[in-house]
Amino acid sequence: MSEERTLNFLEQIVEEDIANGVNGGRVLTRFPPEPNGYLHIGHAKSICLNFGLAQKYNGKTNLRFDDTNPVTEDTEYVDSIKADIQWLGFNWAQELYASDYFEQIYNFAVQLIKKGLAYVDDSTAEEIAISKGTPTEPGKGTPYRNRSVAENLDLFERMRKGEFKDGEKVLRAKGDLASPNMHMRDPIMYRIKHAHHHRTGDNWCIYPMYDFAHGQSDSIENITHSVCTLEFIPHRPLYNWFIEQLGIFPSHQYEFARLNLTYTVMSKRKLLQLVNEKHVTGWDDPRMPTISGLRRRGYTPASIRAFCERIGVQKRDNMIDVSLLEFCIREELNKTANRVMAVLDPVKLVITNYPADQVEEMTAENNPEDPNSGTRTLPFSNTLYIEREDFMEEPPKKFFRLGPGLVVRLKNAYIIKGEGFEKDADGNITTIYATYFPESKSGGDTTGLNVKGTIHWVSAAHAATVEVRLYDRLFKVEDPGSEEGDFKSYINPDSLQVISNAYVEPSLLKAKPGERFQFLRKGYFCVDTDSTAEKVVFNRTVTLKDTWAKEAKKG
Ligand code: ATP
Ligand code: MG
């Protein structure tokens, strides 16, 4: 999007830095995912922001895996994260891993011990918490705070060698126990974890904490603008303190509001629960707010980037309506998706005055929004399928579709008039009978009939049978994460509707996974990866109109 808009606050900061010659005008950002889950739409915002800032100011962006917690991380996640970023349309300058800096970060810790700024503490987690005091009362510290440099160096080395068990010792910074900022009260720098790491294997049994890994990694890479979410504001003084005490490259941290979206959850921990407890079919379930879920649902990279651009960058937490995301894909697909006919809830329609052995090839425009999209042909015959809801036995006034005595146009074909119908023993309509007006063919209609409604159809003998999956919100409430009790008790039980026998025009048999269409009057659909040679499966990406907004207005 190239429309003029005012600079967001991060762009203002970068422009000022460039104007003042900070770092010689160089801009290097990073995107630092922890490989403990798949990326979601919130990460997309961070990706668009970090890569976007660099692109705008001739800079670069590193992809750095923040892999300092061996227990939850996995290479499956690393691979999916890389694929998702590339799919979104961004290229990183370097692929880096915080774990590659373990030796250097260890040496930084030794440096701080030597300066008397870090010590090994044998206290339990509980004792440490108590020794830190409260926000209104300074901490008293633990008995280990005044260990000598020599003793600390020895103990820290033995921690590394694996002489102690998990939790037996930690390395803490010697901060300020009276600081109003609790993060400055001797924060933990290293903990012991005898766990296998997905990259460093069993080389390490001590791992640096976020606060003693993130800023150090930024600095090692000479990151100029380290952008993170608001909850890290209280960590910023510590971020700066470590960098100052170590005298290393002065990266700077800036914070923006994380993206929250209605009717979903965004924490990887919660998304993992949905996957593990099989509330969804996987990380890429089309109902998930993950990038892979949105991709499978039919979202395009451009629509997600447009969404991130539209919501902008804020300094205060807010909740974005998911219908804005839906608006962005609908707007794009309206311009790009070919129109096709698909009948999701079929009922048979017989045109009694059309020759039973005749088949006509009707011409249909692929996309009226795109003059270059061309046309295709559709077989037409005396037996069709139409949508059950397009026929009413006793239609009310202003029902501009089919009923006994009512006329309607069959899209790209003829005008027909409802004549009668047959029902089964349960009272369900099995066949509708109609007559057609031979002079009413689309493009050459000479009847002068004034017909208000147009409905879609497929020829019964030519239609392909496909599976169609319709999705609704995954949760029944706007903010399931903030409701009382288990967020999973707010899952919408009707979030997936499977139609195993929908009829579509024969051209769709050739559709390939990922291809997108507008099913006339039914919404935008894409071919799912579950499709087989026997059966094509379609996902509804989004409806044509925002049905939720309408319902909300009705109240
Ligand atoms: P979670 O709490 O879901 O695990 P996280 O913040 O721990 O998320 P990371 O992998 O550490 O996930 O995030 C990588 C980057 O993406 C971080 O810079 C983080 O600030 C950013 N990010 C994560 N979630 C959001 C969000 N909802 N909106 C914007 N940025 C986000
Ligand atoms: Mg994190």
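Placement of Cβ uses the backbone N, Cα and C atoms for every residue, glycine included.
No curator has checked TrEMBL annotations; they are predicted automatically.
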> According to TrEMBL, which listed range is motif ''KMSKS' region': 190-194, 265-269, 355-359?
Replying inline: 265-269
> To which of the residue ranges 11-21, 33-43, 374-384, 473-483 does TrEMBL assign the term motif ''HIGH' region'?
Replying inline: 33-43
>> So if I take the binding-site residues (GLU34, ASN36, THR229, LEU259) and measure from each Cβ to the nearest atom of ligand 2, which come out below 6 Å?
In response: GLU34
> Can you count helix, strand and coil residues in the domain 'tRNA synthetases class I (E and Q) anti-codon binding' (454-528) using DSSP?
Replying inline: 12 helix, 32 strand, 31 coil
> In the same chain, which residue numbers or ranges, 6 or more beyond the ends of the motif ''KMSKS' region' (265-269), come under 8 angstroms Cβ to Cβ?
Replying inline: 36-38, 40-42, 258-259, 289, 475, 480-481, 487
> Taking the Cβ of SER267 (ATP binding site) as the centre, how many other Cβ atoms fall within a 10 Å radius?
Replying inline: 13
> Among the binding-site residues listed here (ILE41, HIS43, LEU259, SER267), which has the Cα closest to the Cα of ASP66 (L-glutamine binding site)?
Replying inline: HIS43
> Which binding-site residues among LYS45, TYR210, THR229 have CB under 6 Å of ligand 1?
Replying inline: LYS45, THR229
> DSSP says what for the motif ''HIGH' region' (33-43): how many helix, strand, coil residues?
Replying inline: 3 helix, 1 strand, 7 coil
